[in-house]
Amino acid sequence: MGECPVNHTKSANVAGGGTRNIDWWPNQLRLNILRQHTAASDPFHKEFNYAAAFKSLDYNALKKDLTDLMTNSQDWWPADFGHYGGLFIRMAWHSAGTYRVFDGRGGGGQGQQRFAPLNSWPDNVSLDKARRLLWPIKQKYGNKISWADLMLLTGNVALESMGFKTFGFAGGRPDTWEADESAYWGGETTWLGNEARYAHGQEGIAGKGIVSGDESKKNHTDIHNRDLESPLAAAHMGLIYVNPEGPDGNPDPVAAARDIRVTFGRMAMDDEETVALIAGGHTFGKTHGAAPADNVGAEPEAASIEQQGFGWSNKYGSGKGPDTITSGLEVIWTKNPTKWTNQFFEYLFKYEWELTKSPAGANQWVAKNAEPFIPDAYDPNKKHLPRMLTTDLSLRFDPGFEKISRRFLEHTDQFADAFARAWFKLLHRDMGPRSRWLGPEIPSEVLLWEDPLPPLDHPVIDNNDIAAIKREILATGLAPQKLISTAWASASTFRGSDKRGGANGARIRLAPQKDWKVNNPAQLAEVLGALEDVQKRFNEQATGGKKVSLADVIVLGGVAALEQAAGVSVPFTPGRTDASQEQTDVHSFEHLEPYADGFRNYGHGNDRVKTEQYLVDRAHLLTLTAPELAVLVGGLRVLGANYDGSDHGVFTAQPGKLTNDFFVNLLDPNTEWTNVDGKGEVFEGKDRATGQKKWTGTRADLIFGSHSELRAIAEVYGSADGQEKFVKDFVAAWDKVMNLDRFDLEQGAGSSPKL
């Protein structure tokens, strides 16, 4: 029984108010992330097709309107230096920069900067104003441009309006309509805290999240060697990447470089891309720290209703323009902050730097023995000394970063090219394959991080060919469960977060996937060898230029085996192609390897995450609903698809047949379960009356009888009339997973992305 969670404050006594289940049982398995971004929250009907709407957009007119906005300063939020470029670059960067490679979550693909918690992060102070400046343009073009696309395109246009040649831009990011609860942003409960993500981190502040000038006075013990918790890519709760004052506010550029390298690396950036992004972004605009943070009001989610979504009201002076407080730092990097120059590197290496304080009390650096020549953002008669952030100096004082920075100083063309490419990658890393990309500015050069696929340059197989290939596959003598396991292993790498993985490309035959333990490499090699022979024979005999890819044959093998096991027809859509090893970034794909995969009874939980939580996490990446999760696990078990061929969860007397036996036997009240491994991971089911052993199962199996919501679903499939529905639903869910990465089949359908 849970302990009383009442905190003696009165909650709203209306629908949705009061003590919730999570208050009573905070460790309860939650399925909420499997119910997000559905039609219930989407104001558009299913008929709305964002890709079609985007194609009807007057793209050039939109870009002109955005360009005009850059210098159309508004009295309610005036533009620094008469140009909003720096603000909009930051908006785009902070939208896309939440991406992390470990699970593909974050990024700009959902337009989540509009929602909590991102809209109220300390690092996003004043971006509420940036989005409001954009509203008249969004209002004008309506559904033809999503917020997700508009925020990133605006950053691109900002760069172009200040003389920078960008690498290109692709649209195609449908909006979502609610806060995404799937991303783990950290376990801290105060802004700027990091005590949960680092072994010796610090608690944050209870205020509004502006940089504290006193932060660096804390005791810091591990800033030169600490390890950031996975999957996080930010050093503090509420920051996009690192503390600009230095680790935990400590103004140490070398230690800051370590944090930079880790966090940018977890956003899929290497050292050159990291240096280019920091220096390129800091070529423009300024930071804002006109006065201490105690002048700043509540963030948007905590602000009063009359603020209408604005936050961080500022009582210092006018509260805007020269009196703006954003980060608490007050730095203008270059003499020409509204133009593309190489001045960031010129000043970085020209001057020696000494530590100083911003008007808000934050640590920053000022050039020694320099004359004031940096322009003021609002007073043409006022000049400033050159200033830098601790994290800027990291690009000079870290040996690896310094080498790149000096090269960029001497070769401005290399700097411009590196920044253009890194910026494009930042904005598009979670876009998925090019079949999702829209617009007239898609670059012709194909980049390795796109996980490129060869084009489909031949006629695809027809129904007669499909039937013949299925017969050939079954004639190989491969056990059906091996064919099903291989097809599932190939397709289930897909991540709806960043649209990576999936069966298309047949990358399961390439490094690193071919060697993953979860894929049972010995069995995989056997199956792939036989399927490659089938593919080769067909392609040698086919006429009219017709071919079949191994990617298609792998999926077709699973389909053939499933049809044999279920006695029903299973859909199949050809058209996949085969990627090469040269088109596959091994290091990047290593992040797709599962730590635990409950669908195949692989791996288990730890002292932080339970096995069943990993299962739900994986189901979310596969864009599954709770019923789809249940029916797939139940079906894969009776089909014998455990990664190692074990009997765990195979609750049937007729393995290999697609029956609802998993649910029937799991729900049998005559079975008594006990833990047998001493770790709470493996269990044995015995007949209550005789004590005879009947089954073994894992947490990923027993959760469907233990968890009240999953049990409710299991009871549907385990009922006397559940078999027909079970088979129908399993086949539908199977087909969905096999085609998760086939954006070429129905490009852009629906207003919401596959999440």
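The backbone N, Cα and C atoms fix where each Cβ goes, glycine too.
Annotated site 'Transition state stabilizer' per Swiss-Prot: Arg90, in sequence order. Secondary structure from DSSP puts Arg90 (site 'Transition state stabilizer') in a helix. Neighbour list (Arg90 (site 'Transition state stabilizer'), Cβ cut-off 8 Å, at least 6 residues apart, same chain): Leu127, Ala130, Gly281, Gly285.
The annotation active site, proton acceptor is assigned in Swiss-Prot to His94. A simple way to gauge crowding: the CB of His94 (active site, proton acceptor) has 22 other CB atoms within 10 angstroms, across all the protein chains here.
According to Swiss-Prot, the feature heme b binding site maps to His282. Same-chain residues at least 6 positions away in sequence with a Cβ under 8 Å from that of His282 (heme b binding site) are, in sequence order, Trp333, Phe344, Leu389, Asp392. In this structure, His282 (heme b binding site) belongs to neither helix nor strand by DSSP; it is coil.
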